[in-house]
Amino acid sequence: MDAMDMKKQDMNRDWIATARTLSQALPFLQRYEGATVVIKLGGHAMGSDEAMEDFARDVVLMQQVGVKPVIVHGGGPMINQMLDKLGIESTFVNGKRVTDKATVEVVEMVLSGLVNKRIVQAINGQGGRAVGISGKDANLMICEQTNADLGFVGTPVEMDPRIIRELGDENLIPVIAPLGAGKNGETFNVNGDTAAGAIAGALKADRLLLLTDVSGVKGSDGEVLTALNSEQIIELTNEGVIAGGMIPKTQTALDALQEGVRAVVILDGRAPNACLLELFTEHGAGSLIRDTPPTVRPQSA
Ligand SMILES: Nc1ncnc2c1ncn2[C@@H]1O[C@H](COP(=O)(O)OP(=O)(O)O)[C@@H](O)[C@H]1O
Ligand SMILES: CC(=O)N[C@@H](CCC(=O)OP(=O)(O)O)C(=O)O
């Protein structure tokens, strides 16, 4: 066989593998038909334009096969950059940005503007129809001040998810910036994980995927735990194994499960096709958190 024939044979093998993968996805496609999947895209998980394109393609594919994707995004690093440019200093307390009046204006500008529209455009570029909103639109997320020391940081207290269902019914993909309205006309800055959890809870979503920059929740041996329940999360947190930025994520997961979300997955958003791997393959990705002991994932959810 000459070099040309060997190349052809390799290509054939690739196509056969692709067809096999598609065929093996059937039970997963059937399982997620009509399912609501909330995806939180963290600022650290938003990489290059190419990575954003890949993410957008996966979201459009999900919708094409009958899933209702809902995107909630963060953008902490992008807010930091803009605050730096404007010479506004910023500090965090327990993972939340201390947000004064000037800061909340920058937060809204960056999240609802730059970050939100970048994701919307990427999805539309892949043939989807995305609509960018924030938690302020149609009273989606009414907030109260979390605590006076944090300034304009909000905790969601009243959710009205009708706007998301209405957009989904029209095959539009909601892309949501984590800002909320206060009852006295204030604008509140909401942690992206908290917002995603509240929205997934209000929708009683089938899955909440929290895309971050680590491959999942690590146990005391440093290995990623592929499945865990609320009790294990509480234990690992008390032992200090779950720490730092992982605390708001696992707390969000516990709250979301209590609100009726069926399962939460914490996974590395920078890994290629992370969402597809999680939803449509036997392999799964990251850490699956739910309260009935898992057997075979994900069919048993
Ligand atoms: N048990 C744990 N397993 C995995 N990551 C952990 C754990 N405990 C703390 N972390 C930290 O949490 C970080 C993820 O949180 P964060 O950086 O705030 O994510 P994002 O910016 O995507 O919201 C990881 O980079 C890691 O350093
Ligand atoms: C209250 C609070 O801290 N809000 C966050 C909102 C953005 C966010 O959560 O972004 P990531 O998901 O990229 O971290 C902030 O101001 O940074």
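Along the chain as shown, residues are numbered 1 onward.
Each Cβ is built from the backbone N, Cα and C atoms, and glycine gets one as well.
Keep in mind that what you see is a predicted model, and the values were worked out from it rather than measured.
Annotated substrate-binding residues in TrEMBL are Gly75, Gly76, Asn189, and among Arg57, Arg97, Arg165 the one listed with them is Arg97. Asn189 (substrate binding site) carries a strand DSSP state (E or B). Less than 8 angstroms from the CB of Arg97 (substrate binding site) sit Gly76, Ile79, Ser90, Thr91, Thr103, Val107, Leu150, Val153, Asn189, each of them six or more residues away in the same chain. Around Lys40 (site 'Transition state stabilizer'), the same-chain residues six or more apart in sequence whose CB sits under 8 Å from its CB are Val72, His73, Gly74, Gly192, Asp193, Ala195, Ala196, Leu208, Leu209, Leu210, Leu211, listed in sequence order. Close contacts with ligand 2, defined as a Cβ under 6 Å from any of its atoms, occur at Gly75, Arg97, Asn189 among the recorded positions Gly75, Arg97, Asn189, Lys249. According to its DSSP assignment, Arg97 (substrate binding site) is in a strand. Taking the centroid of the Cβ atoms of Gly75, Gly76, Arg97, Asn189 as the substrate site, the other same-chain residues with Cβ within 8 Å of it are Gly43, Gly74, Ile79, Val107, Val110, Leu111, Pro178, Asn191, Gly192. Of all Cβ atoms in the shown protein chains, 28 besides its own fall within 10 Å of the Cβ of Lys249 (site 'Transition state stabilizer').
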